[in-house]
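Down below is the structure, laid out as structure tokens.
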Amino acid sequence: MTANVTVSSMYLFTVLLLLFNVYVNSQDTDAQLCQMCEGTIRHDSPVWSFCITKGYVKGHCCFKNNTSDVDTIIGLDLSNCSISHVEHLYNSSTALIIDLSNNPISNLSDYVFQGFSQLTQLLLPSKLECPGGRASWEKVEVKSITRICEGQKNACNQTVQMPLVCPENSLCSPYGPGFFECSCLNNFHGYKCMRQGEFPLVKVLGILTASTVVVSSVLWFTQRRKVKNT
């Protein structure tokens, strides 16, 4: 009984520690993104106009109002920030509007916006194409030096462009401009959603807990031997 309690306590502590680290890292990445360049969102920016009714401004980010998810980014304005290369946009996949215009960006991968399923407006330097191509947006236009991509289309409805078809017992859902993902329906799981029945959560957690205890015991025993030898 005591051993079971100890194992459960160790597992709970490990989970809590991992969740704490994830929370701290998300705070750091949010701060890094919102302070990528000096100042704050310009008052003549489309992101500012959007944010004054939907949320509040912090640095170059717009956060959602009236929600327990106080760190939910719904707008991002990195225009005129002298950005030449964009690899990722950290925790801003919940953004509805993003402005990257007036930057010397020469190339922008579509994968930067993978997971941005809620994005409805994207402003880019005019020489860049909208992620996913014109077919992924309801409206694409160029105004002066800015390309505006509006109204992200649901990739699941564009069967001609889909390189893969979701397997049986799964559901297609949008996953950013030109992207989609397949999620297993209720009561199905595993490879290609071929397994039916509840996911064996208790069994998996038991295996993970046992593995953690074994590895920890081996490391502890090894360290003890080193201490005794010295």
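Positions of Cβ are set from backbone N, Cα and C atoms, glycine also.
Pulled from Swiss-Prot, these are the features on record:
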SIGNAL    1-26  signal peptide
TOPO_DOM  27-200  topological domain 'Extracellular'
DOMAIN    152-194  domain 'EGF-like'
DISULFID  C156-C172  disulfide bond
DISULFID  C166-C182  disulfide bond
DISULFID  C184-C193  disulfide bond
TRANSMEM  201-221  transmembrane segment
TOPO_DOM  222-230  topological domain 'Cytoplasmic'
Residues of the parent chain within Cβ reach of the domain 'EGF-like' (152-194), under 8 Å, 6 or more residues beyond its termini: 93, 110, 113-117, 119-120, 122, 130-133, 135-138
Distance from C193 (disulfide bond) back to C166 (disulfide bond), taken between C-alpha atoms, in Å: 10
Rounded distance in angstrom between the Cα atoms of C193 (disulfide bond) and C172 (disulfide bond): 12
Under 8 Å by Cβ from C172 (disulfide bond), counting only residues of that chain that are 6 or more apart: C156, C166, F180, E181, C182
Sequence-distant neighbours of C184 (disulfide bond) in its chain (C-beta under 8 A, six or more apart): N169, S170, L171, G190, C193
